[in-house]
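Quick look at what Swiss-Prot lists:
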type: BINDING; residues: CYS37, CYS40, CYS55, CYS58; note: Zn(2+) binding site
type: COMPBIAS; residues: 14-29; note: compositional bias 'Basic and acidic residues'
type: REGION; residues: 1-36; note: region 'Disordered'
type: REGION; residues: 77-106; note: region 'Disordered'
type: REPEAT; residues: 149-232; note: repeat '1'
type: REPEAT; residues: 243-324; note: repeat '2'
type: ZN_FING; residues: 33-63; note: zinc finger
Amino acid sequence: MSDTITTRTYSADAKSRDVRPRESERDETQQDETQVCPECSGHLVTDEEHGETICEDCGLVVEDTVVDRGPEWRAFDSAERDSKSRVGAPTTKMMHDKGLSTNIGWQNKDAYGKSLSPRQREQMQRLRTWNERFRTRDSKERNLKQALGEIDRMASALGLPENVRETASVIYRRALNDDLLPGRSIEGVATSALYASARMAGTPRSLDELEKVSRVDKMELTRTYRYIVRELKLEIKPADPEQYVPRFASELGLSDEAERQARQLLRDAKETGIHSGKSPVGLAAAAVYAAALLTNEKVTQSEVSTVADISEVTIRNRYKELLEVQDGTLLA
């Protein structure tokens, strides 16, 4: 009896497997048929303005009730599109509430643009106060709000793109959820998260640059950064001097040829191994300075020092080493 049941089950499964391909083939055939004209087998096009599907060859109107699922309004630029859109912005990790809460504007005006009376202004101020309290209900949310504000402020000062800010916010959230903050300052962890994020995105900034815009010193930043990377197991490659070249060249107003020359100098230095143990910022600055001289562009060591935020002595030392490598490459 059991053998008979098993056989029947197998047959049913086999039958279902045979049916599914046939059904999919039938669906594909029907889909292909709907894309051609039933009269002349010509190509069909959709006229979205009139809501019709017509044949290009014979002009037959195949369907005249096509639904336009787009907005009923038109916009000619991004600003106009944003102003007419009736949906909110996408959620973001850069805000402590991910942008889902309501924010009461600071303008004391009604919907018609008229100024509020003194009594109404007092009421609105109380509403703003209570709204702010509800947005940060506990210490964890207040911590997150302060940290993400710091990340946004520092990223703006350093000219870092939005994707770096988003990644830094995610890193800080992970540190907060893993309870890594006790014994460390909010500013220190936030700065470390931004430093790590910038390196991961290939747009690194030096520790000296982070120290200038942060409220923590370089020693605390270094210590906290190593702790965060170790505990969160972040995969961060050593900083590449070439990643600093585009920014330095842009701020100094150098040509594309000078930038290419600087990259080539750094590649030659890597092949010889002289970059090992040296600051990537110093090497990049020296390469940019050397490339400017090789392409006959006027740049002083002082200008490069200001842009790269390193001493002129470091630039001179690395510059000599790069030229030695360049001379050896040309002789070879």
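Cβ atoms are placed via backbone N, Cα and C, with glycine included.
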Other C-beta atoms that fall within 10 angstroms of the C-beta of CYS37 (Zn(2+) binding site): 18
Same-chain residue ranges lying at least 6 outside the zinc finger (33-63) that approach it to Cβ under 8 Å: none
DSSP-derived class (H/G/I helix, E/B strand, else coil) of CYS55 (Zn(2+) binding site): strand
CB within-chain contacts under 8 A for CYS40 (Zn(2+) binding site), separation at least 6: CYS55, ASP57, CYS58, LEU60
CB contacts for CYS55 (Zn(2+) binding site) [other CB atoms within 10 A, all chains]: 19
Additional residues around Zn(2+), ordered along the sequence, whose Cβ is within 8 Å of the centroid of CYS37, CYS40, CYS55, CYS58: PRO38, GLU39, SER41, GLY42, GLU56, ASP57, GLY59, LEU60
Helix, strand and coil residues within the repeat '1' (149-232) as assigned by DSSP: 63 helix, 0 strand, 21 coil
Local backbone state of CYS40 (Zn(2+) binding site), from DSSP in three classes: coil
